[in-house]
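The next block holds one structure in the form of structure tokens; read it before the comments.
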Amino acid sequence: MTTGVPTFKLNTGAEISSVALGCAAGFTPEDIAHSKSWFLTAAKAGYRTFDTAQIYGTEASLGAAIKESGLPREQVKIVTKLPWHRCEYIERSFNESLTSLGVDYVDVYLLHFPQAISYPTGYDIPTDVETILNGMKILEKPNFNDNWAVLEKLYESGKAKAIGVSNFSIKTLEALAKTAKVTPAVNQVEMSPYCTQNDLVEYCKQKGIQLMAYSPSGHEKVRKDPTIVRLAEKYNISANQLIMAWHVARGVLPVPKSADPERQKQNITLPKLSPEDVAEITGLDKNERIVNKPDENGVLYGWTLEQYGWA
Ligand SMILES: NC(=O)c1ccc[n+]([C@@H]2O[C@H](COP(=O)([O-])OP(=O)(O)OC[C@H]3O[C@@H](n4cnc5c(N)ncnc54)[C@H](OP(=O)(O)O)[C@@H]3O)[C@@H](O)[C@H]2O)c1
């Protein structure tokens, strides 16, 4: 096995490496300041696609790390996302992302969530978690169809080389398709061996939408699953590597986060799994979300699972 992964082709024709570095680093100023160093080790290890978001606060660190790596801009793919509370200010927010990253285009720009939210603070996100979670007002307008029309303009301008969505389901993708002129290039969703979303994988394949898997390992819970442990031993690799290889075998692009240079290398050093092993891992599905799960009322960030189309 050699380090480095094959590429997938987006519906724009662009080639994108089949594993990207997850660039959510934690939210303290120390976490964010520290992130530049592990973005840089990832670039040196061979990562060429980086998944950030305005809400992560890591766009500036990522831009600085890419510059320091010496990699030509055209060899790197940058994915970033519009926060849900910036839907009334999309162009302003997008331009702010470009400035933070220090680039004049991004490779993929995503609607981070289907719902549009407003906070009492307006453009800025509240600083306390309580207001972030409870002070949100779900907007009827603009809705994701309206927001998508603005992303289409960014795409036409060439400043977003591809546009896509995140946390969309078949239900919301179908609703989007009713007004969209451009088919999303990407849908980034939570996906792991415990949340395999087989119908969505099939749907996106048919529509030419590249799925990206976030929180792709399923964290320790899935890494410790006995089937995962046994198959990882069979291939003489770590559980995380096995899971990333499973995503890639399904045509899904995982965005693992690691701040550790050795684990970063592991996550892009992947064997080819046998179809039987891929099927066995897919068979572990429990429709269980590890990160973005609803509260006791079945609500997640102001939307019910039914609204998301996850029920
Ligand atoms: N679109 C969305 O709404 C959304 C939501 C959540 C996340 N995301 C994206 O998904 C990315 C990843 O999410 P995540 O961090 O929850 O998921 P993850 O990559 O599945 O898990 C990260 C955890 O796994 C550990 N790890 C990484 N490689 C490992 C290895 N080879 N062996 C053992 N442990 C390993 C990391 O520790 P070390 O760092 O110490 O290695 C870290 O604790 C984020 O950075 C972000 O880009 C998107």
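The backbone N, Cα and C atoms fix where each Cβ goes, and this holds for glycine too.
What TrEMBL says about this one:
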type     : residues : note
ACT_SITE : Y56      : active site, proton donor
BINDING  : H112     : substrate binding site
DOMAIN   : 40-285   : domain 'NADP-dependent oxidoreductase'
SITE     : K81      : site 'Lowers pKa of active site Tyr'
Quiz item: Taking all residues of the domain 'NADP-dependent oxidoreductase' (40-285) together, what is their mean pLDDT?
Solution: 97
Exercise. Using all protein chains shown, find which of the recorded positions K81, H112 scores highest when you count other CB atoms within 10 A of its CB.
Key: K81
Practice problem: Would you mind pulling the DSSP three-state label for the residue listed as 'active site, proton donor'? | Solution: helix
Practice problem: Would you identify the secondary structure of H112 (substrate binding site) according to DSSP, in three states? | Solution: coil
